[in-house]
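Colleague: Not my notes, these are from TrEMBL:
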- 1-239: domain 'Tetrapyrrole methylase' (DOMAIN)
- LEU9, ASP89, GLY92, SER117, VAL118, LEU168, LEU226, HIS251: S-adenosyl-L-methionine binding site (BINDING)
Amino acid sequence: MLYIIGLGLGDERDITLRGLEAVKKCDKVYIEAYTSLLSFGLSTDGLSTLEKLYGKPIALADREMVEEKADKILSESQESNVAFLVVGDPFGATTHTDLVVRAKKLGIQVKAVHNASVMNAVGICGLQLYRFGETVSIPFFTETWRPGSFYEKIKRNRSLGLHTLCLLDIRVKEPSLESLCRGKKLYEPPRYMTVNIAIEQLLEVELLQGESVYNEDTLCVGFARLGSEDQMIVAGTMRLLQMVDFGAPLHCLVIVGETHPVEEEMLDFYRLTDDVPQHTGNV
């Protein structure tokens with residue numbers, strides 16, 4: 001059996017009872033470590049905290065392993081119970097769907113244990129989840145690569161009055177271009193996109209596209225460490241949010257569409273007043 005288990009968003013305590021029971025009956029436990037991170041995953045003892053709770057060792061499954069060496073996980077699942085731990089919900093990233101498809105084709109039983117993810121946790125700001133359009137990803141720009149494919153999706157969402165969740169890039173264990181050219185992988189230090197960088201890049205693409213999809217005065221909501229004890233939620237214009245220090249990762253951003261009076265009421269708790277957030281913690 002291959003168990004794909006959601007860990008939630010905060011810390012090791014966010015796993016469900018069902019998820020914890022599944023982990024305890026597994027012979028091998030992997031944790032996916034590149035589409036997202038638990039808040040404690042940024043610390044050096046994050047993994048040992050989990051190992052202490054589960055009472056068994058955990059293998060770190062980075063992007064390279066999951067995308068290039070998934071056969072190892074699958075072959076182990078044919079002989080024993082294997083847990084594949086995912087921050088948030090198991091199906092928040094297409095990579096995990098691919099793992100399920102491959103397992104099923106090999107006749108391996110797969111069981112998913114769901115949990116909270118960024119896709120629903122953003123509702124804490126008061127914006128109604130059924131009023132969200134297509135989610136977009138904002139990648140880090142480089143000197144030679146400055147994609148704007150997300151622009152059309154945001155445009156479509158805004159034309160329908162829908163909110164847009166922007167998932168911000170994280171770069172963990174990414175080989176440098178120079179090392180790849182030399183044929184020997186050397187990895188760049190981890191990087192986590194901030195709300196500030198995301199807005200800067202969004203405005204750059206608007207300047208190039210020039211279709212007035214959004215601007216510095218567009219209302220947005222910035223989130224940091226969503227689901228953790230010190231989460232930060234701030235609503236304001238793009239211009240104002242660029243001046244806010246959101247602190248440690250992970251960050252995400254919502255571009256607000258048309259709002260209902262009830263949504264407005266809730267957003268008011270998080271709005272910037274004189275450049276200072278009224279409220280940044282839990283409801």
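One-based numbering along the chain as shown.
Keep in mind that glycine also has a Cβ here, set from the backbone N, Cα and C atoms.
Note that TrEMBL annotation is computational and uncurated.
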Colleague: What is the maximum Cα to Cα distance, in Å and rounded to a whole number, among the residues LEU9, ASP89, GLY92, SER117, VAL118, LEU168, LEU226, HIS251 annotated as binding S-adenosyl-L-methionine?
Modeller: 17
Colleague: Would you count the other C-beta atoms found within 10 angstroms of the C-beta of HIS251 (S-adenosyl-L-methionine binding site) for me?
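Modeller: Step by step: centre on the Cβ of HIS251 (S-adenosyl-L-methionine binding site), count other Cβ atoms within 10 Å, giving 24.
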Colleague: Long-range neighbours only, meaning 6 or more apart in sequence with Cβ under 8 Å: which ones does LEU168 (S-adenosyl-L-methionine binding site) have?
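Modeller: Non-local contacts for LEU168 (S-adenosyl-L-methionine binding site): SER137, ILE138, TYR192, MET193, THR194, VAL195, ILE197, ALA198, LEU250, HIS251, CYS252, LEU253.
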Colleague: What mean pLDDT score does the domain 'Tetrapyrrole methylase' (1-239) have in the model?
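Modeller: Looking only at the domain 'Tetrapyrrole methylase' (1-239), pLDDT averages out to 88.
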